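Feature list (source: Swiss-Prot):
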- His129: active site, pros-phosphohistidine intermediate (ACT_SITE)
- Lys19, Phe68, Arg96, Thr102, Arg116, Asn126: ATP binding site (BINDING)
Amino acid sequence: MASILRSPQALQLTLALIKPDAVAHPLILEAVHQQILSNKFLIVRMRELLWRKEDCQRFYREHEGRFFYQRLVEFMASGPIRAYILAHKDAIQLWRTLMGPTRVFRARHVAPDSIRGSFGLTDTRNTTHGSDSVVSASREIAAFFPDFSEQRWYEEEEPQLRCGPVCYSPEGGVHYVAGTGGLGPA
């Protein structure tokens with residue numbers, strides 16, 4: 001539970017999903033979790049869930065009609081997933097770089113140490129998902145964390161997490177401001 005002093009630069013939020021192929025393998029799930037921590041992301045919220053097919057269809061609506069749509073929807077509803085809200089000064093781009101290319105074959109060749117390069121099986125079973133823009137991040141976070149208020153987080157929690165000493169709670173799986181005891185959000 002080491003305390004880390006954060007930088008004064010503003011934090012950005014992104015959604016990170018760990019897909020059923022990785023959640024089904026505890027060692028892979030833990031390896032991905034450790035990569036999140038070792039890359040200095042703050043875990044703002046985390047939850048595991050079973051995604052209903054209807055929710056998958058709504059989430060991936062922009063891909064409806066494409067050849068992979070049905071396969072992706074079925075796969076994402078096939079088992080538990082883990083959803084994170086991650087914060088970092090450049091969270092979206094850093095998470096996308098850490099994930100590696102969507103296509104596993106490409107990931108293995110151009111980013112072999114990326115999450116997808118290391119653990120991806122196919123272009124659908126590629127271990128992770130991440131938001132591709134600030135607008136997508138807001139929409140996707142709201143889909144997985146409907147009770148999370150991004151505006152309130154930026155007003156109340158972000159300044160504390162950005163400037164204060166921050167600790168990680170292995171029990172809760174999230175970061176918190178030192179001195180708060182790690183009970184709930186910052």
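Just so it is clear, glycine is given a Cβ too, placed from its N, Cα and C backbone atoms.
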Intrachain C-beta neighbours of Arg116 (ATP binding site), sequence separation six or more, cut-off 8 angstroms: Met99, Gly100, Pro101, Thr102, Val104, Ala107, Asn126, Thr127, Thr128
Nearest-integer angstrom distance between the alpha carbons (Cα) of Arg96 (ATP binding site) and the residue listed as 'active site, pros-phosphohistidine intermediate': 8
List of residues, in chain order, with Cβ under 8 A from that of the residue listed as 'active site, pros-phosphohistidine intermediate' and at least 6 apart: Leu15, Ala16, Leu17, Lys19
Greatest C-beta neighbour count within 10 angstroms, which of the binding-site residues Thr102, Asn126: Asn126
Of Lys19, Arg96 (the binding-site residues), the residue whose Cβ has the fewest other Cβ atoms within 10 Å: Arg96
Distant-in-sequence Cβ neighbours of Phe68 (ATP binding site), under 8 Å, six or more positions away: Asp123, Thr124
Three-class DSSP secondary structure - Phe68 (ATP binding site): coil
